[in-house]
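A.B. asks: In case it's useful when we look at the structure, here is the feature table from Swiss-Prot:
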BINDING   ARG41, GLY42, ASP98, ASP99, LEU100, THR101, ASP102, THR103, GLY104, LYS105, THR106  5-phospho-alpha-D-ribose 1-diphosphate binding site
BINDING   ASP99  Mg(2+) binding site
BINDING   ASP102, THR103, GLY104, LYS105, THR106, TRP144, ILE145  GMP binding site
BINDING   ASP102, ILE145  guanine binding site
BINDING   ASP102, ILE145  xanthine binding site
Amino acid sequence: MSLPDKAFPVSWDQFHRDARALAWRIAGLDREWRAIVAITRGGLVPAAIICRELGIRLIETVCIASYHDYTSQGEMQVLKGIGASLLENQGEGVIVVDDLTDTGKTAAIVREMMPRAHFATVYAKPKGRPLIDTFVTEVSQDTWIYFPWDMGFTYQEPIAGGKRG
């Protein structure tokens, strides 16, 4: 798979810093949180970091598949819903976490389930941003973010194209 024109590769260190920055922003809201719902799979890593930083013990997941081939969004499928106890009070006191909001389609489905929950993502694109309450970094809609769990180390060709100087 080749990189698109606008690629945003994120290292583990950068992602950890950004997820902690998201936790700082949420902590600044000075609210009591009863649980976190991680949108799988991308929300699992930031949810773990945010839970640790905010002292939240109760973690739930919701699984909505949209990227079936890692290149374009397909039909949205809810593969696993949210437990009934967290749906009480329309999600009040719950943080919903994902790595990224792209088109906002995933967030819209979860927001229907939990309209009073607080939605937080590490990264946000313009189309999905209106559905998110707190995020850290905005990237353009045509940028593809490469997360550290999707990458490995590979040889990089020199900028000069291998010319000796």
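Using the three backbone atoms N, Cα and C, a Cβ is placed for every residue, glycine included.
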A.B. asks: Among all protein chains shown, how many Cβ atoms are found within 10 Å of the Cβ of LEU100 (5-phospho-alpha-D-ribose 1-diphosphate binding site), not counting that one?
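C.D. replies: 22, counting other Cβ atoms within 10 Å of LEU100 (5-phospho-alpha-D-ribose 1-diphosphate binding site).
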A.B. asks: Relative to the Cβ position of LYS105 (GMP binding site), how many further Cβ atoms are located within 10 Å?
C.D. replies: 16
A.B. asks: Among all chains shown, work out which of the binding-site residues ASP98, ASP99, THR103, THR106, ILE145 has the most CB atoms within 10 A of its CB.
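C.D. replies: Ranked by Cβ atoms within 10 Å, first place goes to ASP98.
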A.B. asks: If you measure from the C-alpha of ARG41 (5-phospho-alpha-D-ribose 1-diphosphate binding site), which of the binding-site residues ASP99, THR103, TRP144, ILE145 fall inside 10 Å?
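C.D. replies: Final answer, ordered: ASP99.
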A.B. asks: Based on DSSP, name the secondary structure state of THR106 (5-phospho-alpha-D-ribose 1-diphosphate binding site): helix, strand or coil.
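C.D. replies: THR106 (5-phospho-alpha-D-ribose 1-diphosphate binding site) sits in a helix per DSSP.
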